[in-house]
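Among the features that TrEMBL reports, domain 'Aminoacyl-transfer RNA synthetases class-II family profile' is placed at A:1-306. The annotation L-histidine binding site is assigned in TrEMBL to A:D61, A:L62, A:T63, A:R88, A:Q104, A:D108, A:R229, A:Y233, A:Y234.
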Protein chains: 2
Amino acid sequence: MAIREKVFNIIISCFKRHGAETIDSPVFELKETLTGKYGEDSKLIYDLKDQGGELLSLRYDLTVPFARYLAMNKITNIKRYHIAKVYRRDNPAMTRGRYREFYQCDFDIAGQYDAMIPDAECLKIVYEILNELDLGDFRIKVNDRRILDGMFAVCGVPDEKFRTICSTVDKLDKPDVLPLDLAERLLQDPKLSQNKQACAGLTDMKLLFSYLELFQVTDKVVFDLSLARGLDYYTGVIYEAILSQTIPALVSTPAEQNGADEAGVSVGSVAGGGRYDGLVGMFDPKGRKVPCVGVSIGIERIFSIMEQKAEASSEKVRTTETQVLVASAQKNLLEERLKLTNALWNEGIKAEVLYKKNPKLLSQLQHCEETGIPLVAILGEQELKDGVVKLRNVVSREEVDVPRADLVDEIKKRTL
Amino acid sequence: MAIREKVFNIIISCFKRHGAETIDSPVFELKETLTGKYGEDSKLIYDLKDQGGELLSLRYDLTVPFARYLAMNKITNIKRYHIAKVYRRDNPAMTRGRYREFYQCDFDIAGQYDAMIPDAECLKIVYEILNELDLGDFRIKVNDRRILDGMFAVCGVPDEKFRTICSTVDKLDKPDVLPLDLAERLLQDPKLSQNKQACAGLTDMKLLFSYLELFQVTDKVVFDLSLARGLDYYTGVIYEAILSQTIPALVSTPAEQNGADEAGVSVGSVAGGGRYDGLVGMFDPKGRKVPCVGVSIGIERIFSIMEQKAEASSEKVRTTETQVLVASAQKNLLEERLKLTNALWNEGIKAEVLYKKNPKLLSQLQHCEETGIPLVAILGEQELKDGVVKLRNVVSREEVDVPRADLVDEIKKRTL
């Protein structure tokens, strides 16, 4: 939880820096809301028992509830993040951060805006978060469903097979990353340039990269025609971020690779998203559309990586933030210890005291060592008489007598 | 969500100040884990549909999962808080903050310690939180199940009726609060003083109040023999905090009063808890006991109060923290706006930009007014030439030209 809190703080700070508000939605959705949104993965949805009333299911992701919320509340523009748990009756793979209950961490921009500006901001956000989390080098692959669809059309694939083929392309072994001037070359292809969808996608791709240059993120972003993504609802730009470093626990077994991934993204990826302009309309009685673009951070996988990093390092992760333990080496000083602890709490100091009448000094020091408390404030008859407290640094064992009136400042100074 | 975030921050800071770590547990528990823990309220438990595998239910509170977690992991001492949603198939009462899905906010101390020290800390925590939330005057009623049981025994109530009577006493119209010297008087009662349980409870009550005096909270804490609390598992001290101020939405209809309350506490109460020394043992194969004492903050009710306060006040609650909107009064400056916004993000400034090529200055200013953004950084041909940015205070409409190099400091200075 301590590691998770750090990761959340970095991500939430980034979302707030980009002006997002947060919303919450119930863990239940009407069963019918989820029906027909996830293709064959629908079998992984958890249903509630019919105990009377509406038939309910547990949310499978945060995107469908978000779209339902926008339609139901007639919201036509919002920039929001939502960090919450979702549920899938899948085969867990603990070391890879794949569970039946897991966090999703979504940022989305809904609204009718000029092309590619919010899309570019989503990519900037992925870039900032992966940089700040310090997970090593990464790259962000970008493609556009319209380009893929255009290519399928030109190759003679029937319309109704587009989504199935996307799903298949997404599972292929990926070729090397292709350069951006590819967009230019594809636009000059005699057949493809006749396809409206493909042209729109390619023109937007060029526009997107011009904004990404202004956002100074093109060193990590690559146009990759082989990126398809599994989800049905994407209608434009799609993207996926992949760590360059191979992390052992993230290398899945072939059996796992055949299953759907927790964020609908391929193995190794830590963020993914894209534009879905049709989903909100599915929940509006009049079919009114609200264009959306968003990104989902693969936060469970990031937790796994951070936890493994913490385990590998010699430094112990603290689970509390206590600054000082109020202790005594002598008997019958419980009241004095409680009084001092109370005074420290009242001054905003994070303080603990052992719940024993006469604890041994050794066991008090051991508690500090076990939980990483850096300071001990030691009370004794002599200290009480002199109006001082002996402040001990747990690691260096250095001790200094601090006048009672200076104690709070001294603790703050030594634990900042 | 903005209001909730503020409340959470106050509560979590307090828990951390008292040295607590946090844990998380799944929203599912095995159905059998919850069976037989909630008396007749068990009918309110949500079950999952049997889709193969274990039979699961949604957690009904955080205390039973905590006890299950301690027993399963053989943890014999921990000080933890847990803020998470629980689920009850109850009749919702929205204005009173009673929902089928709602947050619980629990702090518990598990471990074999000297009497009443952790119990006193729990009461100190309730006192601190209610003070800091600034909800008006309050009082905390304290009693002990052993005193109640002793009195029932002395009155000739058969053992197996104790818990039912507790439940009934808890629903009675409460008499005036009784003073602490009551403990002394009861200890001198010829019949009651012969009852072991009652004597232990009364002696501990005196000890508890001596610690509460050291913690400087006795101005709000009262010994109230009529407090019984509904839950079966309490074995010692019990307590409940009540706001003195009557908040209209919190006054329930008689129909609602008959139902169980969301935190198992009576109407008007905003925190409750007590000692439950037997619960962990119910989950341990060898019945090993881990004594526990804890408190649950009635956070949904507090949210309701805070939301009503916010609605009543003229000040609008901001849902974002954006410090500055990067704007322009002229056309064709999208690239310059994006560049400046990017630079501000990179410097850690919370900045927004409208996703339009050529937005009108008026609509940019309106966005600030609607969402409470305090500053606008305005770019124009002249400003770009001069290397300055026009910084406008949205409320006062005052404008000042700031050299580009000083912009970040100037924004920080004006938004702290």
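Backbone N, Cα and C define each Cβ position, glycine as well.
Automatic prediction, not curation, is the source of TrEMBL annotations.
Cβ neighbours of A:T63 (L-histidine binding site) (same chain, under 8 Å, six or more residues apart in sequence): A:D106, A:D108, A:Y233, A:Y276, A:L279, A:G294, A:S296. Within 10 Å of the C-beta of A:R229 (L-histidine binding site) we count 25 further C-beta atoms, all protein chains included. Counting every protein chain shown, the number of other Cβ atoms lying within 10 Å of the Cβ of A:D61 (L-histidine binding site) is 21. Here L-histidine is bound by A:D61, A:L62, A:T63, A:R88, A:Q104, A:D108, A:R229, A:Y233, A:Y234 per the record. The longest Cα to Cα distance in that group is 22 Å. Of all the binding-site residues listed here (A:Q104, A:Y234), the one with the fewest other CB atoms within 10 A of its own CB is A:Q104. According to its DSSP assignment, A:R229 (L-histidine binding site) is coil.
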